[in-house]
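S.K.: Sharing a structure below in structure tokens format, with a few things to ask.
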Amino acid sequence: MLLTAYFVLVGLIALWAVLEFSACHSKPSTSSNAVGNPAFRQFQYDFYRTYFPALAADWLQGPYLYKLYQHYHFLEGQIAIIYVCGFGASVFAGLVSAPLTSRLGRRKSCILFCLLLSASYLCKLSQEYFVLITGRVLGGFSSSLLFSSFEAWYTHEHAEQHDFPAEWLPHTFTRAAAWNGGIAIAAGVIANACAEWLGLGPASPSVLAVPLLVLSVALVIREWDENYGQTSSFRRVCGDGLRCLLRDRRVLLLGTIQALFESVVYIFIFLWTPVLDPHNTPLGIAFSSFMAASAAGSSLYRLATSKKYHLQPMHVLCLSILMVFFSLFMLTFSTAPGQEHPTESLLAFLLIELACGLYFPAMGFLRCRLIPEKEQIGVLNWFRVPLNLLAGLGLLVLHDSDYQSGTRNMFSLCAITMLLALLCVVSLFTMVRNDSELRLPTSETEPNGTEQ
């Protein structure tokens with residue numbers, strides 16, 4: 001598995017490069033004015049050099065999080081509880097992050113993210129179980145602030161402070177998404193180098209991330225001005241979101257699909273390490289391969305929905321769910337006790353990540369078109385609750401460290417979950433197949449389809 005993982009990573013990076021090149025040349029550029037504006041380029045650069053260290057710090061923990069808890073000799077059931085606490089924190093933080101960011105200020109929220117994530121990483125140096133749970137809870141809170149705070153600050157400054165055209169926003173976030181893929185791949189390799197090549201142990205990537213967060217905080221304090229969003233009562237936001245869900249069956253189906261799909265992804269995040277680690281798989285390299293597969297999926301989405309191929313986001317969404325179902329079906333066989341096939345499991349995991357790269361932009365496009373902008377925060381809050389509950393219950397109920405086939409049973413249940421998601425997609429498709437609002441124009445792909 002050692003050499004296989006390295007070859008797979010190189011191949012996936014090459015595939016991503018080819019797909020990204022093809023996607024970039026599949027339609028004419030709509031941002032030539034933005035690229036040629038020196039003030040805009042400088043503003044972008046100032047944002048990126050603050051945002052990217054925070055992204056890198058967030059990614060560095062990914063490859064060795066489960067391994068760290070194993071290194072401290074906790075059982076899989078105990079590790080599952082730590083993860084569930086993180087999911088619970090994400091549920092609560094998801095509900096309050098938007099109003100908190102608006103009231104506290106985006107600049108202060110970015111600083112708060114860095115402080116919370118730093119504290120979370122420092123907690124990982126302790127072997128005390130409740131300290132580790134505290135660290136996971138802090139990590140759950142901080143993850144909800146990452147994208148909402150930084151991107152909300154940039155969007156406000158772009159329009160209000162610098163008065164740049166709104167159509168230039170996708171240029172910034174498209175580039176950020178591409179860089180985010182590269183940063184995630186590099187983070188996996190660096191984490192692998194620290195933990196395995198240098199023999200510093202599974203806690204070392206988290207320690208390495210803290211200086212990056214300090215750098216991000218220093219740049220935010222020195223260079224960014226404060227800005228605030230419109231404040232709405234929490235009850236009103238959630239009430240409006242619930243009414244939108246109940247009055248529009250399409251939104252309810254879309255939320256069900258999101259909860260089913262993403263809860264399976266959360267369980268996959270928990271399971272990939274115990275499946276691959278016993279077979280001498282370099283975890284950082286495997287993580288980088290996952291990120292390369294996801295980035296390739298995002299590039300493939302842009303290519304598939306371009307004017308050259310004319311696929312619609314609904315078709316891509318259906319394809320991504322089919323891919324995950326097939327992957328989970330593979331995993332029920334490749335993880336059978338006494339008959340494990342780690343190479344097949346790795347390929348199945350990579351297919352899941354490729355599907356995620358297709359799923360998220362497709363779901364983002366449909367969400368943007370189906371849910372009114374003023375109600376999106378409230379609706380997304382309601383989406384998050386079943387998502388995290390399904391993931392948490394799946395880990396608590398199904399995973400028994402004393403039962404050899406527990407992992408296989410989890411994949412079987414996840415496959416059934418994806419089958420339910422597929423039925424919801426078919427039901428949604430029958431409702432909206434003639435709805436031109438949910439179709440990309442045949443002349444060119446709209447930027448909103450890849451930015452959500």
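Each residue, glycine too, has its Cβ placed from N, Cα and C.
Features from Swiss-Prot:
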TRANSMEM  1-21  transmembrane segment
TRANSMEM  45-65  transmembrane segment
TRANSMEM  79-99  transmembrane segment
TRANSMEM  130-150  transmembrane segment
TRANSMEM  180-200  transmembrane segment
TRANSMEM  201-221  transmembrane segment
TRANSMEM  251-271  transmembrane segment
TRANSMEM  281-301  transmembrane segment
TRANSMEM  316-336  transmembrane segment
TRANSMEM  346-366  transmembrane segment
TRANSMEM  377-397  transmembrane segment
TRANSMEM  410-430  transmembrane segment
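Could you place the listed features in the three-dimensional structure?
M.R.: Note on the transmembrane segment (1-21): residues 178, 181, 185, 276, 279-282, 285-286, 288-289, 292-293, 295-296, 299-300, 303, 342-343, 346, 350 of its chain, located 6 or more positions outside it, place their CB under 8 angstroms from a CB of the stretch.
Only residues 6 or more beyond the boundaries of the transmembrane segment (45-65), in the same chain, are considered here, and those with a CB under 8 A from a CB of the stretch are 110, 113-114, 117, 121, 124, 139, 143, 146, 150, 154, 172, 175-176, 179-180, 183-184, 186-188, 190-192, 195, 202-203, 205-206, 208-210, 212-213, 215-216, 219-220, 223-224, 273, 283-284, 286-288, 291.
Taking Cβ pairs closer than 8 Å, the transmembrane segment (130-150) reaches residues 47, 50-51, 54-55, 58, 61, 69, 72, 81-83, 85-90, 92-94, 97-98, 101, 106, 109-110, 112-113, 116-117, 119-124 in its own chain, all 6 or more past its ends.
Residues 49-51, 53-54, 56-58, 60-61, 63-64, 67-68, 71, 107, 110-111, 114-115, 117-118, 121-122, 124-125, 187, 190-191, 194-195, 284 of the same chain lie 6+ residues outside the transmembrane segment (201-221) yet bring a C-beta within less than 8 angstroms of a C-beta in it.
For the transmembrane segment (281-301), the list of distant contacts is 1-2, 5-6, 8-9, 12-13, 15-16, 19-20, 22-23, 59, 62-64, 67, 177-178, 181-182, 184-193, 195-196, 205, 272-273, 316, 320, 342, 346, 349-351, 353-362, 450: same-chain residues at least six beyond its ends, Cβ to Cβ under 8 Å.
Non-local neighbours of the transmembrane segment (316-336) in the same chain are 257, 261, 264, 275, 297, 301, 304-305, 342, 344-345, 347-349, 351-352, 354-356, 358-359, 361-363, 366, 405, 407-408, 411-412, 414-415, 418-419, 421-422, 425-426, 429; each lies 6+ residues outside the stretch with a CB under 8 Å from one of its CB atoms.
Outside the transmembrane segment (377-397) by six or more residues, the chain places 80-81, 83-84, 87-88, 90-91, 94-95, 98, 237-242, 244-245, 251, 255-256, 258-260, 262-263, 266-267, 270, 367, 371, 410, 413-414, 417 with a CB less than 8 A from a CB of the stretch.
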S.K.: Can you tell me which of 79-99, 180-200, 346-366, 410-430 gets the most C-beta pairs within less than 8 Å of the transmembrane segment (251-271)?
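M.R.: Answer, by Cβ pair count: 410-430.
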S.K.: Sort out the residues at least 6 away from either end of the transmembrane segment (346-366), same chain, that have Cβ-Cβ distances under 8 Å to it, and list them.
M.R.: 1, 4-5, 8, 12, 254, 257-258, 261, 265, 268, 272, 275-276, 281, 286, 289-291, 293-302, 304, 313-314, 316-317, 319-321, 323-324, 326-328, 330-331, 334, 438, 440, 446, 448-452
